[in-house]
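Below is a structure I'd like to ask you about.
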Amino acid sequence: MEGGLRSPLNRAVRMAKYLLDSCIGMLPYPKQRCESFNVVDLLSTCSFYKAVSLKNLKLHIEQHPSFANPSLSHISKFAFTELPFHAFTFSIPKMSLDKQESPIPIVSNDKNIGIFESQNSSPNLSSHESTLDGNNMHTVSSEGSGAYAEHGPGIDHKIPQELEIQSKPDLLWSRVRHTMREPFSEFFGVFILILFGDGVVAQVVLSSGERGSYQSISWGWGIGVMLGVYASGVSGAHINPAVTFANCIFRKFPWRKFPIYMLAQVLGAMCASGVVYANYKSAIDMFEGGNNIRTVGLNTSSAGIFCTYPAPFMTKTGQFFSEFVASTILMFCIYALQDNGNLGSGNLTPLGLFFVIFGIGACFGWETGYAINLARDFGPRLMSYFLGYGHEVWSAGNYYFWVPMVAPFIGCLFGGWLYDVFIFTGESPINTPWMGLKRLMPGGLGSKKVDSKV
């Protein structure tokens, strides 16, 4: 008898599941209300009302006082004229005949659910392990685990999940954007940074101080960094290869992302410097003394608009140390602003970085121009070479060009190391045995326990 019922019962279950999915799919979740929804009648029409005891059909309605403890005698008829669809759940734990788990999806609004998108629900899931979201997407949950979506943990399940979890895009460009949005974010973050930074230098230099002063340059770079951080929040707003490198070392940022981040940052700087050049081309021609005259190192040279050049009295050691100190300050302050265990800055981090950059420029910018960023210096320098400034962009300052490419990496590493050693108590290689050196020496010192019997 039981075996004979199994095949019709399975067909009935599939039909019921299809009808349930259809009914749910017709709702433009979560705004539209369901005028009436008769669960028992729907099950009975699918020929397996007898197979499921009414006592096993549990209706749990959350966040609504009038349905907090519904009576089983009134379970067959109720109206949702006041109730949002996402506020109720129902479940059928098990089938009494074949003792198999119910394939009907269980809707759950538990707050600590790990979300992993899947097109097919697992057939061997127990109660509260299979979920159905607003897009009829079956999702598998693991009770107690963190909530994960496209950007990792942290879904607030008080918000309808359809607003938090985006399904895989169908359009070609949407798929490209979905995959490349972090590099795009870094590109435009640096683009905004250089657009404001080189723009303010161009205005001050080409107007011979009539439309700004040195402090204007500090303000412009600070604003550029602040707005660049706002524009590139999706990717973490590094906008500096040295910052990305330090995060790979101290904050477990994936090394596989470092090359594409660095490339996007350099390209963003190149494109922005090209826009600044196009905008000020007429003023550059007038300042240089004629059309297409481009010089480096003279009083009427405009090359300093795009990249940094050291003061004539600076030695090679002084050049390097100046960039090293400024980069160390930058990285130390970035980690301080991000550390919630310290005072932290939260959503005011971009504003805090504005003051950091303004302070570095106002106090440490005269000698070398405080590049503190490979992308900020190398990208515009390369663009200026292509625009006709010649090989002098590389040889000026006793071949200074390599200093703002190397010193920021060493300075940012040292700044991050200083903060983690003396202040930071969170997850960092510094806060592991041998300050992280043990990880770099598999089988080396301290990696194996010494047998006391030997």
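Cβ coordinates are placed from backbone N, Cα and C, and glycine is handled just like the others.
Not my notes, these are from Swiss-Prot:
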TOPO_DOM  1-186  topological domain 'Cytoplasmic'
TRANSMEM  187-207  transmembrane segment
TOPO_DOM  208-216  topological domain 'Extracellular'
TRANSMEM  217-237  transmembrane segment
TOPO_DOM  238-257  topological domain 'Cytoplasmic'
TRANSMEM  258-278  transmembrane segment
TOPO_DOM  279-316  topological domain 'Extracellular'
CARBOHYD  ASN299  N-linked glycosylation site
TRANSMEM  317-337  transmembrane segment
TOPO_DOM  338-351  topological domain 'Cytoplasmic'
TRANSMEM  352-372  transmembrane segment
TOPO_DOM  373-403  topological domain 'Extracellular'
TRANSMEM  404-424  transmembrane segment
TOPO_DOM  425-454  topological domain 'Cytoplasmic'
I'd like to know if the transmembrane segment (317-337) touches the transmembrane segment (404-424) in this structure, counting it as a touch only when three or more C-beta pairs sit under 8 Å and are separated by 6 or more positions.
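Judged by the Cβ rule, the two regions touch, with the required three close pairs present.
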Averaged across the topological domain 'Cytoplasmic' (338-351), what pLDDT does the model get? Just tell me the whole number, please.
93
How many neighbouring Cβ atoms, not counting its own, are there within 10 Å of the Cβ of ASN299 (N-linked glycosylation site)?
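Taking every protein chain into account, the count is 5.
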Please figure out which one of 258-278, 317-337, 352-372 racks up the most CB pairs under 8 Å against the transmembrane segment (217-237).
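Of the candidates 258-278, 317-337, 352-372, 352-372 scores highest.
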Are there residues at least six beyond either end of the topological domain 'Extracellular' (279-316) with Cβ under 8 Å to its Cβ atoms? List them, or say none.
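Beyond its ends, the topological domain 'Extracellular' (279-316) has Cβ neighbours at 198-199, 201-202, 205-206, 273, 322, 366-371, 377-378, 380-381, 383-384, 387-390, 392-393, 396-398, 400-401, 403-404.
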In the same chain, which residue numbers or ranges, 6 or more beyond the ends of the topological domain 'Cytoplasmic' (338-351), come under 8 angstroms Cβ to Cβ?
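Contacts of the topological domain 'Cytoplasmic' (338-351) (Cβ under 8 Å, skipping residues fewer than 6 from its ends): 225-227, 229-230, 237, 419, 423-426.
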